[in-house]
Amino acid sequence: MPEGKIIKALSGFYYVQHEEGITQCRGRGVFRKNKITPLVGDQVVFQAENQNEGYVLEVFERKNELVRPPIANVDQAILVFSAVEPDFNPGLLDRFLVLIEYHNIKPIICISKMDLVDEPMRKMVESYANDYREMGYAVLFTSVHAAESIEILKPFLEECVSVVAGQSGVGKSSMLNVLRPDLELKTNDISSHLGRGKHTTRHVELISIGSGLVADTPGFSSLDFIDIEVEDLTFCFPELKEESQYCKFRGCTHLSEPKCAVKAAVEEGRIADYRYEHYKQFVEEIRERKPRY
């Protein structure tokens, strides 16, 4: 039986890419019975009479799975945040990073619209960028008006499945249009009333760019820490994870425990204050979450 990867799911059809091309398939009823929904990114077994009539027979085990957006087997996330319009938002970036780290997906931070910033804003954004690089993250500066700045992203996309995510209105679709001009993905200007863009992407689709596949997702419609527990959170902050091994108490939450290495690192300036503040904010949010039964 042939195998392939689902690159688009739309109106009950699954578009499976394989060695011979792309075949439009439906899911077998057994999937509904077993409460399995094939996802974009799934590696599958299928059978087909022709390119327009096929059936997905089996879904292979996933290495990870996102719910919103619904996509599986993601290698890395390109997190696009603008320097201005809307202004750079480290709190929202950290929220994305936690969600991505929790799913064992490699994050790459891409800061767009650097051509629009004044000098004070440039210095502030570059300072944040240096902080994130010290934490071990790749940080790229891009502008859709300077195509060569987008080109630096291409090597990161090779031989892997990437999701492009980030704040609405920061230029995700514009960036993909530069990488693949034939796409002509819809873009929206920023609403001056809201200071943010409207989502312009309506379904998840994997797009070929070089030897890689990139998902232009409809954005993360939920940024809540639904599945994350307090004890997971430390491991989603690389610099906290590094210091936490020196805490006196195993399972230290780095809030009120004595001889906490994380708090000591914050006081000594080895962990950025804003990162620790975001960590505390997220702990509070998780603790206030209504229990699920």
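For all residues, glycine too, the Cβ spot is worked out from N, Cα and C.
Annotated in Swiss-Prot:
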- 63-223: domain 'CP-type G' (DOMAIN)
- Ser112, Lys113, Met114, Asp115, Gly166, Gln167, Ser168, Gly169, Val170, Gly171, Lys172, Ser173, Ser174: GTP binding site (BINDING)
- Cys247, Cys252, His254, Cys260: Zn(2+) binding site (BINDING)
**Report entry** Nearest of the binding-site residues (Cys247, Cys252, His254, Cys260) to Gly166 (GTP binding site) - Cα to Cα
**Finding:** His254
Query raised in the report: How many other Cβ atoms are found within 10 Å of the Cβ atom of Cys260 (Zn(2+) binding site), counting all protein chains shown?
Result: 20
Query raised in the report: Rounded to a whole number, what is the top Cα to Cα distance in Å among the residues the record ties to GTP, namely Ser112, Lys113, Met114, Asp115, Gly166, Gln167, Ser168, Gly169, Val170, Gly171, Lys172, Ser173, Ser174?
Result: 19
Requested in this report: Can you grab the distance from Cys260 (Zn(2+) binding site) over to Met114 (GTP binding site)? Cα atoms, rounded to a whole Å.
Outcome: 38
Query raised in the report: What is the number of other Cβ atoms found within 10 Å of the Cβ of Met114 (GTP binding site)?
Result: 20
**Report entry** Neighbour count (Cβ, 10 Å) for Gly166 (GTP binding site)
**Finding:** 27
Report task. Starting from the Zn(2+) site formed by Cys247, Cys252, His254, Cys260, give every other residue of that chain whose CB sits within 8 Å of the mean position of their CB atoms, in sequence order. Result -> Ser244, Lys248, Phe249, Thr253, Leu255, Glu257, Lys259, Ala261, Val262, Lys263
Query raised in the report: Over the domain 'CP-type G' (63-223), what is the model's mean pLDDT?
Result: 82
Report summary line: If you measure between the CA atoms of Cys252 (Zn(2+) binding site) and Ser168 (GTP binding site) and round to the nearest Å, you get 35
Report summary line: Here the Cα-Cα span from Ser174 (GTP binding site) to His254 (Zn(2+) binding site), rounded to a whole number of angstrom, reaches 41
**Report entry** Cys247 (Zn(2+) binding site) and Val170 (GTP binding site), distance between Cα atoms, whole Å
**Finding:** 39
Requested in this report: Express the distance between the Cα positions of Lys172 (GTP binding site) and Cys247 (Zn(2+) binding site) as a whole number of Å.
Outcome: 40
Requested in this report: Work out how many Å separate Cys247 (Zn(2+) binding site) and Met114 (GTP binding site) at their Cα atoms, rounded off.
Outcome: 39
